[in-house]
Amino acid sequence: MPRTLINVPKTAKAGEIVEVRAMIAHPMETGQRMGVNGAMIPRDIVNRFVCTYGSEVVFAADLWPAVSANPFLSFSLRAKEAGVITFSWTEDSGAVHVATADITVT
Amino acid sequence: MRPAVRCFGLAAPLLLAASVAHGIEQGEPRSGIAFASPETRAMQADDTANPGLFWVLDGEQLWAKREGAAQKSCGDCHGAASASMKGIAARYPAFDDKTGQAVDLTGRINLCRTRHQQATPLPHEGKEMLALTAFVGFQSRGLPMAPPADPRLAPARAQGEALFTQRMGQLDLSCANCHEANWQGRLGGSPITQGQSNAYPLYRLEWQGLGSLQRRMRACMVGVRAEPFDYGAPEFVALEAFLATRAKGLPVETPGVRP
């Protein structure tokens, strides 16, 4: 299971805009490179990232082979209510890696 | 497969002829991060954006993993790394009594594996070795590079200095031609830098991964079209020993980020 590093402020004021960061350890193999034996290294990338806040999707992105290894995403969201922020990365193989963080809104 | 040759070599003789030689003034070493873009500097400074932290976290797990016939982990002997490994990376390479040679951190970890864990040595540039060196180096982050005043290291340092100033390869360039005489210049649009060793192992954006100082030196040697030394070669350890004295006082940045 790849490692993930996420950064969400623990607390925020209602209505405050907070910055959220998420990074996953992933080779993002493009499928265009040749291995030592001359055979192509099969494509293996994270192709979809989704962030949900409570039950609402607040940020989503399609990722493509030109995205670097260990993709890092940073975005803002408005703190509305205390809840769970869920980050999910979907690989080409269909495997989904999920990380969660709690946020308290005062 | 040979590593890809970067095509910056051709510009070098022109640049050398055109610029004035600036030696590094005494007591004024400058870390490679000072030459990096603000974005790269921000990436290194922020532990949630620095991808090198993935290796540090892996290293933390490996530290506690029991290995080899002795079924001992690093932590079984050394205890908590935050206390026992603090300042260690800043002092390496050090002298090993049993072999009578200078060893770098990678060499020391493999000596520990064979002597105390009775395990097989890890490959030099493998994920596990990089994770362990990054984790051990991370414990010294922020501390100044402090090469030990051990007279037994003098031969290795002298050999390293000789290699540093020795011209090599088809382009006939020494490390010092760029990193001492022209560190304020640029080569192919990129800053040359002083070639300081205080942030290794570091995450290079070009590599898309973590790499050791020896990988960096091999890339430079291929760049001047010289035959690189093997990983773990005594020549590389000697160079590392010399570079550590040169970087004395610079803060350890492991894991650094470079373009």
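Just so it is clear, glycine is given a Cβ too, placed from its N, Cα and C backbone atoms.
As annotated by TrEMBL, signal peptide applies to B:1-23. As annotated by TrEMBL, heme c 1 binding site applies to B:Cys74, B:Cys77, B:His78, B:Cys112. The feature domain 'Cytochrome c' is assigned by TrEMBL to B:155-259. Taken from TrEMBL, the feature heme c 2 binding site covers B:Cys175, B:Cys178, B:His179, B:Cys220. Annotated substrate binding site per TrEMBL: B:Arg216, in sequence order. According to TrEMBL, the feature active site, cysteine persulfide intermediate maps to B:Cys220.
Cα to Cα, B:Arg216 (substrate binding site) and B:Cys112 (heme c 1 binding site) are separated by 25 Å. A sphere of 10 angstroms centred on the C-beta of B:His78 (heme c 1 binding site) encloses 15 other C-beta atoms. Largest Cα-to-Cα span within the heme c 2-binding set B:Cys175, B:Cys178, B:His179, B:Cys220: 11 Å. When the binding-site residues B:Cys74, B:Cys77, B:Cys112, B:Cys178, B:Cys220 are compared by the number of other C-beta atoms lying within 10 angstroms of their own C-beta, B:Cys77 comes out lowest. B:Cys77 (heme c 1 binding site) sits 39 Å from B:Cys175 (heme c 2 binding site), taking the Cα positions as reference.
Spacing of B:Cys220 (heme c 2 binding site) relative to B:His78 (heme c 1 binding site) is 35 Å (Cα to Cα, whole number).
Checked against B:Cys178 (heme c 2 binding site), the binding-site residues B:Cys74, B:His78, B:Cys112 differ in C-alpha distance, with B:Cys112 being the nearest. Excluding B:Cys175, B:Cys178, B:His179, B:Cys220 themselves, the residues of that chain whose CB lies within 8 A of the CB mean position for the heme c 2 site are, in sequence, B:Phe164, B:Leu173, B:Ser174, B:Ala176, B:Asn177, B:Ile192, B:Gly195.
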